Amino acid sequence: MFVVVGLGNPGKNYFNTRHNVGFDTINLLANRNNIIINKIKFKSVYGEGTIGGEKVFLVKPQTYMNNSGMAVLDLYNFYKLPLENIIVVVDDIDIEFGTIRIRKKGSAGSHNGLKSIIYHLQSEDFPRIKIGIGNKREGQDLADFVLSRFDKDERMDIDVAIEKAAQAVETIITYDMNTAMNQFNKKGD
C-alpha cells in the first residue's frame, strides 16, 4: 500500500497557485487512475484505488501548507506504513522551473510543508517528488510569490512538469524508486 500526499493549501483562493502543484498532481493522478477524491479523514480529503496493482491513497491535506505534517502523521499512525511508502509531492523554488526531482529522503530546505512533515514524523526518510515552480524576483516576498498563479506560458510548462510528476509516482508504485529516479531525474541532479 502507498500513500501519495500532494502538498497545497485548501480553498478557492489557492487554486492553481505555485504552492499547490502537489494538489494539482494528486488531481491528475486521480483522473488518470479513476480514483474519486471524496473522503474526509486524517485532516485531509482523499480517495483510494489502485495504481499498478497496488492499493493507493491519494491525499490532499486540509491543514494548510505549514501544518501538513499533522495530516501525514495521522495517516502514518493509522496505516502503520513504512516511510518509504509515503510519497510526498511538493513545489520547490530551488530547482529549475518546470523540472522535477525525485529524492528518497532529505532535508526540508526552505519548504515549510516539508519542515512540518519532518517535525511530525521525526524523520527525513520519506520519498518526495519536487516540482520546480521558479523563484521570486529580487525584492519580492517569498509568500507572495508561492501564492501567485502561473502566467499563461508558465502554466503550459508547469502542466508538463505535473504530468511528469504523476508519471514518476506511477513508476515508483509500479516498479520502484530507483527506476523512477533513473527515468525522471535530470543528469547532474
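Glycine residues also receive a Cβ, built from the backbone N, Cα and C atoms like all the rest.
Bear in mind that TrEMBL entries carry predicted annotations, made automatically and left uncurated.
Over in TrEMBL, the protein carries these features:
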- His19: active site, proton acceptor (ACT_SITE)
- Tyr14, Tyr64, Asn66, Asn112: tRNA binding site (BINDING)
- Asn9: site 'Discriminates between blocked and unblocked aminoacyl-tRNA' (SITE)
- Asp91: site 'Stabilizes the basic form of H active site to accept a proton' (SITE)
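Its Cβ placed at the centre, Asn66 (tRNA binding site) has 12 other Cβ atoms within 10 Å.
Cβ crowding, taken as the number of other Cβ atoms within 10 Å, peaks at Asp91 among the recorded positions Asn9, Tyr64, Asp91, Asn112. Asp91 (site 'Stabilizes the basic form of H active site to accept a proton') falls within a strand when secondary structure is assigned with DSSP.
Across the residues annotated as binding tRNA (Tyr14, Tyr64, Asn66, Asn112), the widest Cα-Cα separation comes to 16 Å. DSSP assigns Asn9 (site 'Discriminates between blocked and unblocked aminoacyl-tRNA') to coil in the three-state reduction, outside any helix or strand. In this structure, the CA atom of Asp91 (site 'Stabilizes the basic form of H active site to accept a proton') is 14 Å away from the CA atom of Tyr64 (tRNA binding site).
Of all the recorded positions in the list His19, Tyr64, Asn66, Asn112, the shortest Cα-Cα distance to Asn9 (site 'Discriminates between blocked and unblocked aminoacyl-tRNA') is found for Tyr64. Applying an 8 A CB threshold to same-chain residues 6+ apart, the list for Tyr14 (tRNA binding site) reads Gly8, Asn20, Leu147. Under a cutoff of 8 A between CB atoms, and with a sequence separation of 6+ in the same chain, the neighbours of the residue listed as 'active site, proton acceptor' are Leu7, Gly8, Asn9, Met65, Asp91, Ile133, Val146, Leu147. Highlighted in sequence order, Asn9, His19, Thr63, Met65, Asn67, Ser68, Gly113 have their Cβ within 8 Å of the centre of the Cβ atoms of Tyr14, Tyr64, Asn66, Asn112, the residues recorded for tRNA, and are not part of that set. Annotation note: Tyr14 (tRNA binding site) sits in a helical segment as assigned by DSSP.
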